[in-house]
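Working notes for the structure below.
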Amino acid sequence: MKNITIVGTGHVGLVTGVTLAEIGHQVICYDINEHNIAQMKKGISPFYEPDLNDLLKKNLTNNQLFFTNDSKLALADADVIYITVGTPTAQNGSVDLSNIKEAAKTIAENIKKQETIVVTKSTVPVGTNTFIKQLIEENLTNEVMINIVSNPEFLREGSAIYDTFYADRIVIGSDSKEAASIIEEIHRPFGRTIFMTDLLSAEMIKYSSNAFLATKISFINEIANLCENIGANIEDVSLGMGLDSRIGTPFLKAGIGFGGSCFPKDTRGLIEKATEAGQSLDILEAVLKVNKQQKYLLLNKALQRFGNLKDKKIALLGLAFKPNTSDVRGSIAIEIASELTMQGAIVTAYDPLVLEEAKQVLGEKIHYAPSIEEAITNSDMVFIATEWDEFKDFPLEKYEILMNHPIIFDGRNCFSLEMVSKYHIEYYSVGRAILK
Ligand code: UDX
């Protein structure tokens, strides 16, 4: 049995720690954030993720999982260390590797086992693993042999636990066969397909996968705009396309574009890598361009309808970058809120989960409502930016009752046209006919 330590207990780190403990490993999770570690010791996750709190509590009780701020305690006996710290975008648009550098130094200063495997799960630019190995070796205080493995994560926020237990594949990349097979053994109890490759190829698989999924979304969004122009229905078009197993239905949902902390960043990261290598990635440039335009889709529709939005009362439903997450990073809803206020609109937003997080970003620019009802009452129009179930289940007749003239701009196609057509609602969605 190997001693496993997780460095960084954000979304990826905590999910990795909890799931490795659940399949029988002894796991120590280390983080510099004292408040979060104290919470997790009590079985409370610092962020929302379905099923996470239950698994966290269970494995704490079983003594499979430990949390600490003490780097010595966390790393001295570790055989395998997962780096799962955040890699945000720096001001100049590049990937900020300061957390990675800090983690590498902490590891180097504290490890003692003769052979240690460092597994990078954080999304790092292609080629960074070699740099991490060098950095650790330069800062070692004991005589330790380091092997490095890339084990990219493919989990989605909001279904991270499910995605880990039902992963389509686990990618393990290393230039050391021995290290790779130890990591394979650790992951075997998940019972999923394990794909072994070299270090650079593993790093490329991560970026190319995210860039490809982003491409699917921008593709379908462009097709949706064409459908709308010529009178076709994008919901049927994506379904009809997706039934071809070579295409597949996932990630063909048209909307107001992709957000979050991964797709925009990773697509840009791959383009930058290509530029460094003296090559351009024209398709991905177009993917980002289409995504940027798509963000303004609802706003443009509203401008077309009203001429201008000055002093219009707008209810914005959804602030999280997607449903079932408490994350507002890269949220298109947040960008829409800012843009609407710049147009002079009076915005009142409601989100089932992230009102506090959104307040930290948007502050007093907008108003915040405690329920859908309060947000939409007497509003001139409603914008739907996130497809929470609560919005989909909200009775449509309430829009008729609570708004003077119900107008909905739905950026996530939450309702079928057939359903909306039963009510007196002016309805604008993505890639489908307008209902008046
Ligand atoms: C993504 C990848 O899916 C995951 O494999 C990777 O490791 C991390 O990045 P995540 O960002 O959590 O996960 O969310 P995801 O569900 O992939 O959605 C990303 C964005 O694309 C969201 O803004 C979502 O609304 C949008 N999207 C997704 C669409 O617009 N249409 C779709 O069909 C799917």
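Each residue, glycine too, has its Cβ placed from N, Cα and C.
Here TrEMBL flags ASP31, THR87, THR123, GLU157, LYS265, ARG329 as NAD(+) binding site. Under a cutoff of 8 A between CB atoms, and with a sequence separation of 6+ in the same chain, the neighbours of LYS265 (NAD(+) binding site) are THR89, VAL95, THR123, GLY330.
Sequence-distant neighbours of ALA254 (substrate binding site) (same chain, six or more apart, CB under 8 Å from its CB) are ILE220, ASN221, ILE223, ALA224, ILE234, GLU235, SER238, ASN413, VAL430, GLY431, listed in sequence order. What TrEMBL records for PHE154, LEU155, ARG156, GLU157, LYS206, PHE251, LEU252, LYS253, ALA254, GLY255, GLY259, LYS322 is substrate binding site.
The active site, nucleophile annotation in TrEMBL covers CYS262. For CYS262 (active site, nucleophile), applying a Cβ distance below 8 Å and a minimum sequence separation of six or more within one chain yields THR123, ASN210.
The domain 'UDP-glucose/GDP-mannose dehydrogenase C-terminal' annotation in TrEMBL covers 315-417.
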Within the domain 'UDP-glucose/GDP-mannose dehydrogenase C-terminal' (315-417), residues counted as helix, strand or coil by DSSP: 39 helix, 18 strand, 46 coil
Binding-site residues whose CB lies under 6 angstroms from ligand 1, from ASP31, THR87, ARG329: none
Euclidean distance between Cα atoms of LYS206 (substrate binding site) and THR87 (NAD(+) binding site), Å: 14
Subset of binding-site residues (PHE154, ARG156, LYS206, LEU252, GLY259) lying within 10 A of ARG329 (NAD(+) binding site), CA to CA, in sequence order: GLY259
